[in-house]
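Visitor: Before we start, here is the structure in question, set down as structure tokens.
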Amino acid sequence: MKELQTVLKNHFEIEFADKKLLETAFTHTSYANEHRLLKISHNERLEFLGDAVLQLLISEYLYKKYPKKPEGDLSKLRAMIVREESLAGFARDCQFDQFIKLGKGEEKSGGRNRDTILGDAFEAFLGALLLDKDVAKVKEFIYQVMIPKVEAGEFEMITDYKTHLQELLQVNGDVAIRYQVISETGPAHDKVFDVEVLVEGKSIGQGQGRSKKLAEQEAAKNAVEKGLDSCI
């Protein structure tokens, strides 16, 4: 565990007072089961605690970061951030995969690279950090490790581009956004609409769809993908 302690100190300025607690956070059930006579604790209870504090802190962040997003969108984004694959990625970023104690069978079967095990260890670490320090230290760690990727948009599943474009453009105040139909083609029962989105009278994106609403979404998507620099 000394190497892990060095990583935590050098990269995150974290020093555990309770070294046994830290070791437990990285002990998988398979390792504990293979050493039953030693009565070694595994990390499942810490995982339970870490999951709870992670949900709380990510929820708080999203609530404050996106004041106009509805509950459903916030829940979807949170689910993307705290899902197994995402947490496993964060664990690898922190080099946690190197320090998990696994049983021999689990090790041979590739457990060290398994997202489930890595994600669980990441949550267990958060639980241990909460017990050894406090929620403020957990928040500091999350903001250092997780939030930069969230703010880079790695977990966004954008379905409402009109709302997303509006949020991007109105960060610093109200901006006049308007959608207008450029053309309509095809028979009445099968029309195709071409729409452009304008900001302060300037066209910043165009889209096409079989309804005005779909075409507007495509126009907004086109504007978002161009980047904000082209919108102002």
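Numbering starts at 1 and runs along the chain as it is shown here.
Using the three backbone atoms N, Cα and C, a Cβ is placed for every residue, glycine included.
Pasting the feature list from Swiss-Prot:
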DOMAIN    5-134  domain 'RNase III'
BINDING   GLU47, ASP120, GLU123  Mg(2+) binding site
ACT_SITE  ASP51  active site
ACT_SITE  GLU123  active site
DOMAIN    160-229  domain 'DRBM'
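Looking at the shown structure, can you explain where the listed features end up?
Guide: Confidence over the domain 'RNase III' (5-134), given as mean pLDDT on the 0 to 100 scale, stands at 95.
According to DSSP, ASP120 (Mg(2+) binding site) sits within a helical segment. With a 10 A radius on its CB, ASP120 (Mg(2+) binding site) counts 27 other CB atoms from all the protein chains.
Secondary structure at ASP51 (active site), taken from DSSP and collapsed to helix, strand or coil, is helix.
GLU123 (Mg(2+) binding site) has a Cβ environment of 27 other Cβ atoms inside 10 Å.
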Visitor: Counting across all protein chains present, how many other Cβ atoms fall within 10 Å of the Cβ of ASP51 (active site)?
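Guide: Around ASP51 (active site), other Cβ atoms within 10 Å: 19.
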Visitor: Compute the C-alpha separation of GLU123 (Mg(2+) binding site) from ASP51 (active site), stating it in Å without decimals.
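Guide: Taking the Cα atoms only, GLU123 (Mg(2+) binding site) lies 6 Å from ASP51 (active site).
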Visitor: Determine, for the Mg(2+) site, the additional residues of the same chain whose CB lies within 8 Å of the mean position of the CB atoms of GLU47, ASP120, GLU123; present them in sequence order.
Guide: ASN43, GLU44, LEU46, PHE48, GLY50, ASP51, LEU87, GLY119, ALA121, PHE122, ALA124, GLY127
Visitor: What count of other C-beta atoms do you get within 10 angstroms of the C-beta of GLU47 (Mg(2+) binding site), across all chains shown?
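Guide: Other Cβ atoms within 10 Å of GLU47 (Mg(2+) binding site): 21.
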Visitor: Quick one: pull the CA-CA distance for ASP120 (Mg(2+) binding site) versus ASP51 (active site), whole Å only.
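Guide: For ASP120 (Mg(2+) binding site) versus ASP51 (active site), the Cα atoms are 9 Å apart.
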